[in-house]
Amino acid sequence: MTTALSVVMLLVLSSLAGSKVAGIREWGQANALAIIALLLFASRGVLPDLLSIEVANALYLGTIALMYAGFRRHLGLPVPRGLLLGGALAALAGVVVFHHLAESLAMRVVSVSCYHAAVYFAIFATLRGRVDGRLRYPFAFTRSAALVLGIGHAVRGAFHAVEAYAPVSLLEPSTANLVFLAIGTLALPALTLGAVMMANARVISETAYAADHDHLTGAPSRRAFFAIAERELARAQRHAGGLGLLLVDADHFKRINDTYGHGVGDQVLRDLAERTREAIRKIDHFARLGGEEFAVLLPDAGLEAARAVAERLRAALDRSAAATPSGHGVTYTVSIGLAMLEEGDTFASLMARADAALYAAKAGGRNMVVCAEGTGLGYT
Ligand SMILES: Nc1nc2c(ncn2[C@@H]2O[C@H](COP(=O)(O)OP(=O)(O)OP(=O)(O)O)[C@@H](O)[C@H]2O)c(=O)[nH]1
């Protein structure tokens, strides 16, 4: 059953192979190794004992170690290779000793269970930090599975160690053995299922982030900004509060690109985004609308406050020097169009007024703030 489940898990993991999520490779290797190990275990009596006991156990210890390594890599944590290898070799030494020197199935089980329990508890400990959102359930599931498996293996080891239960065969149909067998059977599939859920949640989160953020500057994207703006507009209209919109556009940006190259142009855009984030209030929303055009939404702001923010921003960017790879600072300026939310406005009409104001700022000589007509809702 575990072999079949490992094959299924391997197929599921393969579907995520192109996602570049860290850990997938180790989890895949773990399941591939498990398939070989379990087939060797199942060949007991058919193949030589060396293969069905020592080699099979060695491979299965490697399976568990790889699962742990996968979780560590997934979380960007270092993998304690020495510890994993040392522990696995100690467990394997136990298997060899209690096979050849002092034949004892129970003590072989103790050796292997100790390693399993230790690694499962280590997985539990690794996943203990707080996570939010989409990752919450996959983490909780995997953490719980690791804890149950760790306890199961610890109890199994203890049972065999005190010889309260010493099976003649690992397939003996006693209640305790059935429980242990179920734990052993479900361990790898349960952990792999958790791993797949974690990887999936990571892919979904990264995709959602990429859709809502601009790759170059890290600022929210046009799509995210419009969604936020609709919410803020509805809120401002409900409370008759002020809402200002700034459209910020780098001046003669084509010239910067043409003179210094696209790489420096990109650096200027990053610099602009960074300085803008520093110049605005915490409650303001900043986004890159596209190209060299950015927007700032100012909730709870009257005309004078919005004008002050716009002027402060323009001044902060005025001939500020973006560091370039060559070490030279490239100076630039911005033009800003400001519009305040008016009675009966939609976001499109607010944008259109801010756009017209920006156009006027460009036409008026650039490096200036131009306010659209009107004084805005709730503030006179
Ligand atoms: N480096 C870089 N350039 C970009 C990016 N997106 C758009 N551009 C360039 O931005 C330039 C915009 O040029 P224009 O629309 O003519 O505007 P401008 O030169 O800033 O002139 P004004 O706005 O009138 O002051 C174009 O050359 C685009 O190729 C980007 O992500 N990186």
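Cβ atoms are placed via backbone N, Cα and C, with glycine included.
Keep in mind that TrEMBL annotations are predicted by a computer and have not been checked by a curator.
Features of the protein shown, as given by TrEMBL:
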- 241-374: domain 'GGDEF' (DOMAIN)
- 50-71: transmembrane segment (TRANSMEM)
- 83-102: transmembrane segment (TRANSMEM)
- 108-127: transmembrane segment (TRANSMEM)
- 139-159: transmembrane segment (TRANSMEM)
- 179-199: transmembrane segment (TRANSMEM)
Lying 6 or more residues past either end of the transmembrane segment (108-127) yet within Cβ distance under 8 Å of it, the residues of that chain are 53, 57, 60-61, 64-65, 67-68, 71-72, 75, 77, 84, 87-88, 90-95, 98-99, 139, 142-143, 146-147, 149-151, 153-154, 156-157, 160-161, 170, 187, 191
Rounded mean pLDDT within the domain 'GGDEF' (241-374) lands at 91
